[in-house]
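Working notes for the structure below.
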Amino acid sequence: MEHNFWHERWEKNEIGFHQNKPNALLEKHFRDLSLAPGQRVFVPLCGKTLDIGWLLAKGYRVVGAELSETAIQQLFEDLGVPPEISELGPLTRYRARDIDIFVGDIFALDSKTLGPVDAVYDRAALVALPEGMRQDYVAHVREITATAPQFLLTFDYDQAEMPGPPFAIDDGMVRKYYAADYDIERLEELDVAGGLKGRVAAREVAWRLRQR
Ligand SMILES: C[S@@+](CC[C@H](N)C(=O)[O-])C[C@H]1O[C@@H](n2cnc3c(N)ncnc32)[C@H](O)[C@@H]1O
């Protein structure tokens, strides 16, 4: 997707992907990653998800990457903490206690700038990207996180019924993107209540990925 597509979504507040409560599969399964409080979780393409507040409340540190500065201003307003803001070349860093967010293109974020991470939480990130970008995204996240374990959420539905995003990702695609570097476990699937965008029957699927 072009950057302008996402900037427009945020400027027009067309953010149907934003959930008004923490993700149910995150709440149920994130513990399967066996992280200890204080460990650092990377949330790529994070938007202003309430899942960040949930992770912080569980005692994890959070680092995110997001294109839209509007999203990140709103994230810090929602969290009720004033960010310290600094420029880092092509990125802008918003930080506060236990949280760092890099605003800009995730492909401009390198491992040194990101710093060590213990896990990745991918909700509505892989599925937000068109097929032509996904392999590069998967390789980039693997590289900058040193193949840290991932908690991944995908949507599976009939792509003929609706264009993405979110794009449909079936089991074979998850294996194609991740099997070379990660052991893959399919943890659970849930029907999307009311259908995706209120019209297409879909399942949300939770995955645990661990370095092979
Ligand atoms: C579908 S939204 C999901 C946001 C969040 N994960 C959530 O669950 O609410 C995808 C987000 O990715 C951001 N994004 C898209 N392309 C990006 C890129 N190349 N680098 C960083 N962020 C990007 C968009 O601005 C948007 O906020």
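The backbone N, Cα and C atoms fix where each Cβ goes, glycine too.
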Worksheet item: Same S-adenosyl-L-methionine site as Trp10, Leu45, Arg123 according to TrEMBL: which of Glu66, Glu77, Glu87?
Response: Glu66
Practice prompt. Taking the Cβ of Trp10 (S-adenosyl-L-methionine binding site) as the reference point, list residues of the same chain whose Cβ is under 8 angstroms away and which are at least six residues distant in sequence.
Written response: Ser68, Thr70, Ala71
Fill in: Conformational class of Trp10 (S-adenosyl-L-methionine binding site) under the three-state DSSP mapping
helix
Worksheet entry | Reduced DSSP assignment, Glu66 (S-adenosyl-L-methionine binding site) | strand
Worksheet item: According to DSSP, which kind of secondary structure is Arg123 (S-adenosyl-L-methionine binding site) found in, if we only use helix, strand and coil?
Response: strand
Worksheet item: Which value in Å gives the longest Cα to Cα span across the S-adenosyl-L-methionine site residues Trp10, Leu45, Glu66, Arg123 as recorded?
Response: 17
Worksheet item: Counting only residues 6+ apart in the same chain, whose Cβ is under 8 Å from the Cβ of Glu66 (S-adenosyl-L-methionine binding site)?
Response: Leu45, Cys46, Gly47, Ile72, Leu75, Ile101, Phe102, Val103
